[in-house]
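Copied from TrEMBL, the annotated features are:
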type	residues	note
BINDING	ILE138, ASN162	substrate binding site
BINDING	SER163, 217-218, ASP237, 272-276, THR298, ASP324, 348-351, SER396	NAD(+) binding site
DOMAIN	77-378	domain 'D-isomer specific 2-hydroxyacid dehydrogenase catalytic'
DOMAIN	171-350	domain 'D-isomer specific 2-hydroxyacid dehydrogenase NAD-binding'
SITE	ARG300	site 'Important for catalytic activity'
SITE	HIS348	site 'Important for catalytic activity'
Amino acid sequence: MVLKHLLATQNVGPAMAKVLCVLYDDPTVGYPTAYARDDLPQVPGYPGGQTLPTPRGLGFTPGQLLGSVTGALGLREYLESQGHTLVVTSDKDGADSVFDRELVDADIVVSQPFWPAYLTAERIARAPRLKLAITAGIGSDHVDLDAAIEHGITVAEVTHSNSISVAEHVVMMILSLVRNYLPSHQVVLDGGWNIADCVARAYDLEGMHVGTVAAGRIGAAVLRRLAPFDVHLHYTDRHRLPRAVEDGLGLVFHESAADMVPFCDVVTINAPLHPETEGLFDDELIGAMKRGAYLINTARARIADRDAVVRALESGQLAGYAGDVWFPQPAPADHPWRTMPHHGMTPHISGSTLSAQARYAAGTREILENWFAGEPIRDEYLIVDGGKLAGAGAHSYSTNR
Ligand code: NDP
């Protein structure tokens, strides 16, 4: 009876499971045989005291490319030596994709937000064995959480694994837009030297008002990193930060994004995509920003209205937009964010540095080891479990239910 209950509440994986892993393609020149650097710096732990992943084994050398098909998140030897089946593919979209075909008898799906395997309600309905969906990284909005709840699927992500990676990218993008870095670099590539072309849109960040929508792991890390630039810092969040943190960084709290944005020269979005945040930056909210403000979105594309962003750049309401998140991913060749003026977009890369990959691959292995051993997955990794939002998911996400 006890065993039956344990099985019913999951977290006891089948003895031989099929793990379906959706990863991005290898580099166009082939899987690397050498790397730009010889090692990764040792990071002692995460801010706030959370420990780094603690798998029993690793299966890769930190610094290797793990997020692409050949890298296989370093999981192949571990899974196959335990008798499990590992299927790795980058072919994820459309009814005849490898992902679609292999999903029908998969027990576990692993996917990264950079190359998301969209686990829609329809797909979940066609995957009767599916019990665990792991996000190798952070942000599980590519999984229909309502459907996961309904079908008793556990959703877990490797919380904190790439938060600092993204925070560094945000700071880079803020400086890049404000200082007009990319167009100036293009002048060099083009063989030119017109200083005025470069500086006619270049400013200092010093003295500007910078606000973050959400001050969770990434948002707070961005605030801490920006404080030494002598800027004025603002934030909005569902929960207020401790008074000591506010005072230490000189933060101004606002009840909502609408309250905050009129004060800001730069706004950075660091909230999850869920029903409360979808479409938040529409014509009205962007229109409430200061003329010539910069908007940085490394959270999720659909938090901003795609066409409203284009309109605001064209009219000059926004002086720049940058980020690495698109919808859908990969973005089609004619996506308007590729060609809109004054943008600093990259593909979805900020959370997938080699440094981050080492952490989220280790975290993925830790989750799998726990699952197969019938041990609890760390609470901070859980998004959905036991038919409801759980752990980190209960804190930061909402559903349509
Ligand atoms: P956290 O869970 O640490 O922080 C998210 C914060 O958002 C929480 O403080 C939460 O509030 C807040 N929040 C949720 N809803 C709202 C809302 N409606 N208004 C204001 N604040 C809100 O997550 P991370 O900081 O680690 O990551 C944030 C997001 O960044 C991820 O969900 C993901 O989408 C994205 N991301 C992008 C990556 C990339 O490569 N570009 C990589 C990693 C993450 P509270 O908890 O107080 O309720």
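Note: Cβ is positioned from N, Cα and C throughout, glycine not excepted.
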Ligand 1: which of the binding-site residues ILE218, PRO272, GLU276, ILE349 have a Cβ closer than 6 angstroms to it? ILE218, PRO272, GLU276
In this structure, which of the binding-site residues ILE138, ILE218, ILE349 has the fewest other Cβ atoms within 10 Å of its Cβ? ILE349
Just to be sure I understand: of ILE138, ASN162, ARG300, which recorded positions have a C-alpha no more than 10 angstroms from the C-alpha of GLY351 (NAD(+) binding site)? ILE138, ASN162
Could you give the mean pLDDT over the domain 'D-isomer specific 2-hydroxyacid dehydrogenase NAD-binding' (171-350), rounded to a whole number? 98
If you compare CA-to-CA distances from HIS348 (site 'Important for catalytic activity') to each of the recorded positions SER163, PRO272, GLU276, ARG300, which comes out shortest? ARG300
I need the most crowded of these binding-site residues: GLU276, ASP324. Count other C-beta atoms within 10 angstroms of each C-beta and give me the top one. ASP324
Euclidean distance between Cα atoms of ARG300 (site 'Important for catalytic activity') and HIS274 (NAD(+) binding site), Å: 10
Three-state secondary structure, ASP324 (NAD(+) binding site) (per DSSP): coil
So, three-state DSSP: helix, strand or coil for ILE349 (NAD(+) binding site)? coil
If H, G and I count as helix, E and B as strand, and all else as coil, what does DSSP give for HIS274 (NAD(+) binding site)? coil
